[in-house]
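Written below as structure tokens is the structure these notes are about.
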């Protein structure tokens, strides 16, 4: 295929893969092909965002100032944290090099091939599910203990093979990119992937940004495509995933209006005792079932006798309605599993052994109003600094308060494996954000939501790098791109979108969507820098 930067495409496919070992291979691969370590960090007109250097500097200051170096497990954790930030620098440096050395048209074609590959894998994901269950709509299929149903979107992982929200964010970036580049076929393709991933949070964020684009920065054709996209979203939710609408309504009522609702994924209808298998019945219920079956048999006999005596004319054959047998959706296999999976068992066992340090997770499950976990964790961060003012400026240290690394260090397997002999948990993390995570994710799946997860770039920066980390992000990361805002077309709404997405996960440590986002903005800047002199 001509007009493609294959080095860039292969690097994207490898680096965005969920496996850390594949990401490391991608870095080695690209630096062998394109060895260059002239990063160009400067106080003024820095070639790359100084934010990355700044957070590493803060991490080292905390390591020295709070004497964390006395702990061997923490030293390993510290080096792991620095490795993540180092990979961010190595990745953006190569992305910048390729953006500088490649023609804009080639860059755009390469990006399109990436989005096509992601869409292809996403469609294969849904096709395999359909072939497995032999139903055309897995979003409404309750069989196999509701393995898919509301969870179908979780299996649409795309080219990264990561969690589905990663795929949803990639598709969301594609929607903005192609909308403002007038490529409506690719826009609809990315929108289809977004809908398949069924991430309510990403959908709300994206269409909020598209509403701003509609009002302030769009042509008549673009406005029409935004309306079409919204109609597609509404149609998909109403016709394909109506149960998802029920789930959203339930969570909304519980969090805002204190309505007493359960966290079952779907309403559980009463099952007639005669339809329930004996294995699910108590001894007294079995007697009730026998009695009910006896009464039912009497009713059949009486109905037959009545028809023989009073119904003289047989019912015409054409009036008889023949139906194929349907699934009994009230049987056990069409209900969500009530047993506990391996991860939940580990979390519950951990709660039992750390009851004194987990005030939230040890509370009994309630049907009263639920405050979103995301809001709780931000409050915890504020309260932590109020009680530890010494750590307000530079934070609590890498891996000590709120990060993917902090979860990894527990050794519970929540963010990938970690050597058990070096597992360590900082008390500040244990009694705050880990407590919130355990409170929601050790319970029924209805509680497992992005809104209840403590994962957030902003909480990570404030909690582990303090006010200084937050300022570094605003001035030297967001400011790095805004400084060139006159060259940004799709870049501005994309920057707003990614700013919202940063509330949902530790995206810098994920080493995935941030690299794609940076590439898209760097290409946008390059292309319009070249056009600006021609317009003068």
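Along the chain as shown, the residues are counted starting at 1.
Even glycines carry a Cβ here, placed using N, Cα and C.
Remember, TrEMBL labels are computer predictions, not curated facts.
Only residues 6 or more beyond the boundaries of the transmembrane segment (6-33), in the same chain, are considered here, and those with a CB under 8 A from a CB of the stretch are 87, 90-91, 94-95, 98, 102, 107, 110, 113-114, 117, 159-163, 166, 416, 511-513, 515-516, 519. Marked as transmembrane segment by TrEMBL: 6-33 (among others).
The transmembrane segment annotation in TrEMBL covers 45-66 (among others).
Look at TrEMBL and you will find 72-92 (among others) tagged as transmembrane segment.
Annotation source TrEMBL lists transmembrane segment at 113-133 (among others).
The list of residues near the transmembrane segment (159-180) in space but at least 6 beyond its ends in sequence, with Cβ under 8 angstroms from a Cβ of it, reads 13, 16-19, 111, 114-115, 117-118, 121-122, 153, 186-187, 189-191, 193-194, 197-199, 201-203, 205-206, 209-210, 213, 217, 222, 225-226, 229, 450, 489-490, 493-494, 497-498, 501, 504-505, 510, 512-513, 516-517, 520. What TrEMBL lists as transmembrane segment is 159-180 (among others).
Residues annotated as transmembrane segment in TrEMBL: 187-216 (among others). Same-chain neighbours of the transmembrane segment (187-216): 115-116, 118-119, 122-123, 125-126, 139, 152-153, 156, 158, 164-165, 167-172, 174-180, 222-223, 225-226, 229-230, 232-233, 236, 240-241, 244, 248, 450-451, 493, 496-497, 500-501, 504, counting only residues six or more beyond its ends whose CB sits under 8 Å from a CB of the stretch.
Summarising the annotation, TrEMBL assigns transmembrane segment to 222-241 (among others).
Positions annotated as transmembrane segment by TrEMBL: 462-482 (among others).
What TrEMBL lists as transmembrane segment is 488-508 (among others). Long-range Cβ contacts of the transmembrane segment (488-508) within its own chain (Cβ-Cβ under 8 Å, at least 6 residues beyond either end) map to 84-85, 88, 165, 169, 172-173, 176-177, 179-181, 201-202, 205-206, 208-210, 212-213, 217, 374, 403-404, 450, 453, 455-458, 460, 478, 481-482, 514, 517, 520-521, 524-525, 528.
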Contact set, same chain, for the transmembrane segment (45-66): CB under 8 Å, 6 or more residues outside the stretch: 39, 78, 81-82, 85-86, 88-89, 92-93, 96, 394-398, 461, 464-466, 468-469, 472-473, 475-477, 480
Distant-in-sequence neighbours of the transmembrane segment (462-482), which means Cβ under 8 A and at least six residues beyond its ends: 46, 49-51, 54-55, 58-59, 381, 384-385, 391-403, 433, 488, 491, 495, 499, 521, 525
Intrachain residues whose Cβ lies under 8 Å of the transmembrane segment (72-92), provided they are six or more past its termini: 15, 23-24, 27, 31, 39, 48-49, 52-53, 55-56, 59, 63, 397-399, 403, 405, 408-409, 422-424, 508-509, 511, 514-515, 518
Beyond the flanks of the transmembrane segment (222-241) by 6 or more, those residues with Cβ under 8 Å of it: 137, 139-140, 150, 175, 179-180, 182, 184, 187-188, 191, 195, 198, 203, 207, 210-211, 213-214
